[in-house]
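Chemist: Sequence annotations record features per position, and here TrEMBL assigns compositional bias 'Basic and acidic residues' to 1140-1154. Among the features that TrEMBL reports, domain 'Fibronectin type-III' is placed at 259-364, 368-460, 467-560, 564-656, 657-753, 757-847, 859-947, 948-1043. Among the features that TrEMBL reports, region 'Disordered' is placed at 208-247, 546-571, 1136-1155. According to TrEMBL, the transmembrane segment annotation covers 1165-1189.
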Amino acid sequence: MMTDQHLPLLEATPMLAEVPLLPHVISGDGMQQMILVQVNPGETFTIRTEDGHFQCITGPAQVPMVSPNGTMPPIFVPPGYVSQVVEENGMRKVLVLPHAMEFHPSLPPVPPHLPLYASPHPAMLHHPHVFPTELPHYVHQLPALPVYSEQDMMCHSMSVPIHEERSVKMQEQLQRRLKSGHLGTANGVPFSYNSPGPFIKGGQAAMHNGNSKGRTGLAASPTPPRLKHSGRTRGSPTSSFDVKDPEEEVRRVQELLSAVCKPAVGSLTSHSAVLSWRPPLPLPSEVDTHSNTRAHTALLLSYELALSQSGTEGDFKLVYQGKDTTCTVGDLRPAAHYYARVCVACSSVKGAPSETVAFTTLCGTPDAPAAPRLIQRTKSSISLQWTSPNDNGSKITGFYLEYHEQGKQSAFKEVYSGLAKQYKVMRLMPSTKYAFRLAAKNDVGMSAFSAVLSCCTASCSASPPAPPSPPRLTEAGVTWLSLEWGAPCGSASRDTPTYILEMEDKESDCGFQLKHRGEEQSCTVKELRRFTSYQFRVLVAGSEGTSQPSSAVEYRTQPAQPGSPGKPSLRCPAEPHSLHVIWEAPEDDGGSPVTQYVLELSHSGDEWEAVYSGSLRQHVCEGLQEGTWYKLRVHCQSSGGQSQVSEIFSVETPPLPPGPCQALRTAGAAATSEIPLCWDPPVCDGGAPVSQYCVEMTQSAEEYQQQVFCGSDRCCTVSQLLPGRTYLFWVKACNPAGWGPLSEMCQASTAPGPPEQCSAPQLILNTSTSGLATWQTPEGNGAEVCAFRMEWGLQEGALELLYSGPLTQYEVSDLQPATEYRCRVQAVSAVGAGLFSDVATVTTPASVPAAVEHVEEMREGPLGDVMAHSPATTLALRWKEPNCHGAEISSYNIDIGEELPLSTGRTSYHILENLQPDTTYRIRVQAVNSMGAGPFSSVLKLRTRALPPEPPVLECAVAGPQSLKLKWGEGLIRPQTSRGTHYCLHMQLGVDRSICIYSGPSHTFKVQRLCEATDYQFSIQAHSEAGMGPLSPSYTFSTTRSPPPQLKAPKVELIERNKYAVTWEAHQPMKGDLIVYKLQMLRGREVEQLYKGPVTSYTWHNTSAGVACRLRVYAGRRSQDGSELWGQCSLSTGLPATEPPREHRISSCHEPQPRRSWPLTDEPFATVLLLGFVVLAVLFAVLIQYFVIERE
């Protein structure tokens, strides 16, 4: 990919498969052609594999590709670039150049600031790739290179598990965004992705062998990089994602980065733990030899590992930040609970933290204890005391105290071991200095030794030092006091004295407590209470002992600054011109009482004015403006200083009602039912904007005024007025304070209109089919009524015009009985038509029912059980109930052609019983009510079913040992007579159990898998469209006995001349029957029985020497009654050859040889017969072919 400048990443094209491959073509003849793809540093070469995945190769690298068909593959270039084919020294090269310039060897050299790519070392060459026949999909054959799927490619290293189609589309769009530099901004910081340069500190890429030397991420850049837009050529397609919202793209990237899994804990010790996590997108495998790809992928993701001991959100602390996915966290406390989580960042976009993983470190040895403290010493003993260190999760099981005498080269010796926290070392030498150290032990192990304590025993003639002077106060604070003291008078000890400072708190009643012990002559006592008195005294301890305490002195801490007072509030509701403000004293006065409160007020900006100063906690602010917002705050003062100001209290003074509105007038011509009005706002708004107006109306000054409009507009249209009327109007304004006074009166009139609504007409029935409608003339509203319109109908929404004229009545005829009719009237004048009157209703008297409709036969429903018993003599009818015409239907009459119709109750179905089978009936139905019988329905023709068929006679056609073939009915003689009839054959299995073994239209059935010589019972049943017929009586049939199986061919052995021994296999008895055998001899077509009996061998003397003979044997079963059943014969066996005497053979040489005969047995005869039939069939086929087919 040799170009004049850094190209954008090749994935910027609309289809990732159609990437601009920038190959150098090594020319050659033949069907295959090598294409060398050269990748510059900082650029990426992307190919698609056979399984639809993508592989990214970062430069510098050379990838040899093989074109199998020997042709140049088409090159797809990104927007803003063009391809050019040049030839140098017989080698063709395809170059991708920017649209604004072209590169050719004849052009000037590349500017020095652009890096040129030199030929790499042969070790850097990848294995060759092969171009498939369909371009631009390229096949990758190098298994060591990392291969990613389309869902895994996101920022070359970022992905999350995708579980739905929407996530897949979103990831693909974000992938193109990141690779083409159109991701937009993240948290207000824009960034681009045109090349690896923007991700390097300072915006410059220092690349060597594909590895960057700068820091990645936009956070390292001194200035935020700007979004770069590459130019697009006229022929390049427009990317569909260039118009996306950058904020939406950043949000989607954050969603993908937030899908990182929680860290995994491994190699846990008492002070460290190894945490590892998986990136959102699978990284290249460890065996990947292309370090450039791995480095380019790792540049884009960084990880932040946070640790917490409580697991709360604000307690997490950053312990690692980098690109590795494994981190060893040290300096942990033993037996402590920790919570860890990881966060992923890509460029300046940072995802949400992962789920929290909890772990507990292992127990450890105790911490090193503090040095033991000297309690008392004598000439021969030293008393020591110590405190217990941290046990690190395992309870301390003992302490070990060691000592040695200083000044001698001796090792430490153990002097005590146990759980006590003090010990008195005995048998020491006077005026001798000793060193002591301490260690603790638990179940895990022993801790390190403490610091060494050096102390000396008392001398024999020394006296304790004199008491020192009392301590002096050098400086006092709120929670601390600084004290100093001098050395005691006349101190001449060789050792440096130790000073002990003790303090007494009178409120605790604990006496003097130790606060300091050391050689210093000053001390700052901390953690004291503010503005509280304490007593102090000093003691001196030396080698001779401890002095008496000094005289006690008393000092007091300083008071603290008081806290801020409570937020101001109102004691009573605010008034338009005054505010009564109160506040609470501070919760913390700093130890001294508050002496003064200062109240400040502001109503414009940040300018504050003190309106009160004093010791009271309330004040009335007067002289304020109505409807104005004010801010109040207060602070206090004490001997400890001035407090912070309180929270600001904002309050608004209430406004006053507005004044009267101005110039109420009509806004145009009035209509018949509407008058438009408008007005001007009041001069004074009362300190608050006018929120709404109210218009009131009346027809005279004496009547009550009613509200006709309420809103914020300064104009309205009063509607629903009567035509030709005069009305009076007033208007008033309203603000949050209330309603203002009414304006001056305005008088206006409506225009004339159509007549008023007529009253409901009166309807009078003259007969059951006619009636008279009358009505009154309404008010004309200034115009005379000239006509009326009357509408008539059954439904209110479907009335039709029945009369139009000047009369006030109309007679209606041809009405239906027991029907409700509706009527309304409308008045018409010269101005127009008025409203219709209310609808009047009238109902005609009742009559006989209407004709019954929808009479039909019912085959299913509640009558199914009755119909199942006698379908041939019954018919079930149902019908739809007709119109009763005002009188309830009491019964129905059914006419089936008889003299008197059948009467039923009030039901919509009926069963006709006791009918003739297979008979057609003409049926009519008539409804009856209290007014009489209605007309009959239309005729319905129905036919009853035929009777079910009778069962046929069952017979056994063929009986076998394991099967019975049964037949019934007519068999195959008259099958047409039984068309539509099916039979069900039952076999009895027990006393009360039988099964159907066959169901169908056939007249025969073979029952198989039966036992021999066994009786079986069968019955049969016929059914047709008329129903299921009765079951036949039981029939009993028996199976026959089974003959013995066929024997094998007998064995014949020559005992002596013409004497043979014949043997055959034996059969076991069959169900108690004896097995007998029969031996036969075959001479040509003659059969002779030689033996019959139960023995399986026989010795036979052949008297017919020189004749061909064969032997066969039969097996048979002999029952107890003496009957025999023989099976098939075995295969025949020939006799073995015998050698004639020598004399006979010599004499036969001079005699003429008799003619040799070949007797035919069964097998040769069958073979000859079969061959004859085959030859005859071939002959007939040839004759038919010749005489019939060819002549036609």
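The backbone N, Cα and C atoms fix where each Cβ goes, and this holds for glycine too.
TrEMBL does not curate its annotations; it predicts them automatically.
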Chemist: Just to be sure I understand, if DSSP states are collapsed into helix, strand and coil, how many residues of the domain 'Fibronectin type-III' (657-753) fall in each?
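Modeler: Output for the domain 'Fibronectin type-III' (657-753) reads 0 helix, 44 strand, 53 coil.
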Chemist: Is it possible to list how many residues within the domain 'Fibronectin type-III' (948-1043) are helical, extended or coil according to DSSP?
Modeler: 4 helix, 48 strand, 44 coil
Chemist: For the region 'Disordered' (546-571), give the DSSP counts of helix residues, strand residues and coil residues.
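Modeler: Counting residues by DSSP class gives 0 helix, 7 strand, 19 coil.
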Chemist: Mean pLDDT, the domain 'Fibronectin type-III' (948-1043)?
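Modeler: Within the domain 'Fibronectin type-III' (948-1043), the model's average pLDDT equals 85.
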Chemist: When DSSP states are grouped into helix, strand and coil, how many residues of the domain 'Fibronectin type-III' (368-460) land in each?
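Modeler: So the domain 'Fibronectin type-III' (368-460) is made up of 0 helix, 44 strand, 49 coil.
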Chemist: For the domain 'Fibronectin type-III' (757-847), give the DSSP counts of helix residues, strand residues and coil residues.
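Modeler: So the domain 'Fibronectin type-III' (757-847) is made up of 3 helix, 45 strand, 43 coil.
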